[in-house]
Amino acid sequence: MEHYHFGRLRALAHMGADRSGAFRYGALAVAWLALWRLSAVMQYDPHASLWFPPAGLTLAAMLVMGWRAIPVLVPCAIVATFWIDRIYGTGLPARALLVSGIVFALAHCLSYGLGALVMRRAIRRSTSPSTPVVVTAFLLVSALASLSATVLGIRGLEATGLIAASAPPLWLPWWIGDLAGALVLTPLFVGLLSWRYPQIEPWLGGLSFLPQSRGSGTYAGKLALEMLVVIVVLAANAYLGTPEAAFAMFFLILPQMWVVYTESPFRGALSIALVSTAIAVLVALFGITRDALVYQFAICVIAASAYFGFAVPALVAQNRHLSELAATDGLTGAATKTHFFECSERELADAHSQGLPVSLLVMDIDRFKAINDGYGHAAGDQILLNLVRTLRHQLRQSDLIGRFGGDEFMVLLPGLALDRAEATAERLRRALTELRMPGPGLGFSVSFGVAAIGDGESIMEAFRRADERLLAAKRSPHPADETVT
Ligand SMILES: Nc1nc2c(ncn2[C@@H]2O[C@H](COP(=O)(O)OP(=O)(O)OP(=O)(O)O)[C@@H](O)[C@H]2O)c(=O)[nH]1
């Protein structure tokens, strides 16, 4: 009976996997053919699209699925060849079309498949590839794979009679169109697929392509600005009739980099795809296909720069995190020694310029080593944490708390002269003495050294004086003898 159950479950699981696999392959085929139809709309010369979206999907599919994508992509490319015949009426017999289709399919799929294979290997070899490494590999692979697809595609179609050998040189518009398709769409598709297949996340060079809903209004505004640039440049080109006006499209890099630096990678990649589509459609609408090559180059340059730009927000966030780590003591959250002295010098100059007094407290837990030895270092850590929490609770927001090291802390008290600073130290000493650890009810005491910082005196000089007073306080008879047990 159990066997029967397991058998049935396994069969059901297989059916589920088969169904989701069939759905995946079906969706890939539909998407590829839809993009191919879109590229036919964007064609400005036979076999030359402003950008060729299927190249982006082929490269993304081969990157994510490997050679398993071939059984879907090859039939799609063959179907597309027959579709060309339906649209343009090539006059070739079905047998010749089939041969042309197979040649085109092999040239296209093998070129991008090989490129994807090289990139998969390169990324697998490096343990955690950074954004610039992934982008460089992607640009090189896209350029070489699209060049190979172009050369093999043209030679194959000439040999099978789909295009005349005497046709005007096709290779540059074909290559740049394919390259633009790969550059514009591959990162977006791989990013979209990473939502479902987390195992490909490391290939994104540490970038997260997850969608976000925050700030959609401002993103829409930036997109609108990009579209405005596209429309103005293309309208000016159409109106002025001068090919030089087409070069103004390179200005699009400014709003595009604004999006890249301020929005998520997903939004950056999406805006590249949207403006590239808008350029292709409007070039056809305005009838300015004679300058198509300039727009193709503009799309490639803008997309490539944008991907390198993805590294910048990640580096800024990393830098912020590292400077926070360098400025804050990891255990207690107090300022580190270096950060404390840097901030204190600024506060001191500020207060003295306003004629305000500034004092410095230095404190050290009594017989802390005995606490560590008797109750363990975790208990010692808890005491350090509680001490800083109590200081924060007792002090003003403007007072700066720093950890000198070990169990020694310091507090800068702007606006307090020596008498008020000594009163503060006494208040803190009492509050800390009352503090007890939960569990063993362990208490502790703290010794203080206080110094007022004179005009023209450095923070280090004042620290030395306060530290001497702290040592003197430590040597005098002490309540620590009663509290540490
Ligand atoms: N739990 C814990 N212990 C620390 C940390 N940093 C330093 N210590 C310990 O703090 C103790 C400081 O010892 P001492 O400098 O001899 O100071 P003390 O025992 O308080 O002696 P007096 O200052 O003379 O009262 C050492 O045992 C260090 O190992 C920390 O982050 N966590």
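Even glycines carry a Cβ here, placed using N, Cα and C.
Record note: among 174-198, 399-423, 174-198 is the stretch given as transmembrane segment by TrEMBL. With a cut-off of 8 Å between Cβ atoms, the residues of this chain six or more beyond the transmembrane segment (294-316) that come close are 50-51, 130-132, 135, 138-139, 173, 176-177, 179-180, 183-184, 187, 205-207, 243, 246-247, 249-250, 252-253, 256-257, 259-262, 265, 268-269, 272, 275-276, 279-280, 283. Under DSSP, the residues of the domain 'GGDEF' (356-485) split into helix, strand and coil as follows: 64 helix, 30 strand, 36 coil.
Remote same-chain residues near the transmembrane segment (131-154) are listed as 47, 55, 59, 104, 106-108, 110-112, 114-116, 118-119, 122-123, 163, 170-171, 174-175, 178-179, 181-183, 186-187, 203-207, 304, 307-308, 310-311, 314 (criterion: CB distance under 8 Å, separation of at least six residues from the stretch ends).
Listed by sequence, the residues of this chain that lie at least six past the ends of the transmembrane segment (59-84) yet keep a Cβ under 8 A from its Cβ atoms are 25, 28-29, 32-33, 36-37, 40, 90, 94, 97-98, 100-102, 104-106, 108-109, 112-113, 115-117, 119-120, 141-142, 145, 162, 182, 185-186, 189-190, 193, 197, 200, 203. Residues 53-54, 56-58, 61, 65, 69, 71-73, 75-76, 79-80, 83, 185, 277 of the same chain lie 6 or more positions beyond the ends of the transmembrane segment (22-38) yet place their CB under 8 Å from a CB of it.
Away from its own ends, the transmembrane segment (174-198) comes close to residues 35, 39, 47-57, 59-61, 63-64, 112, 138-139, 142-143, 145-147, 149-150, 153-154, 204, 209-211, 265-266, 269-270, 272-273, 276, 293, 296-297, 299-300, 303-304, 307 of its chain (Cβ-Cβ under 8 Å, at least six residues beyond either end).
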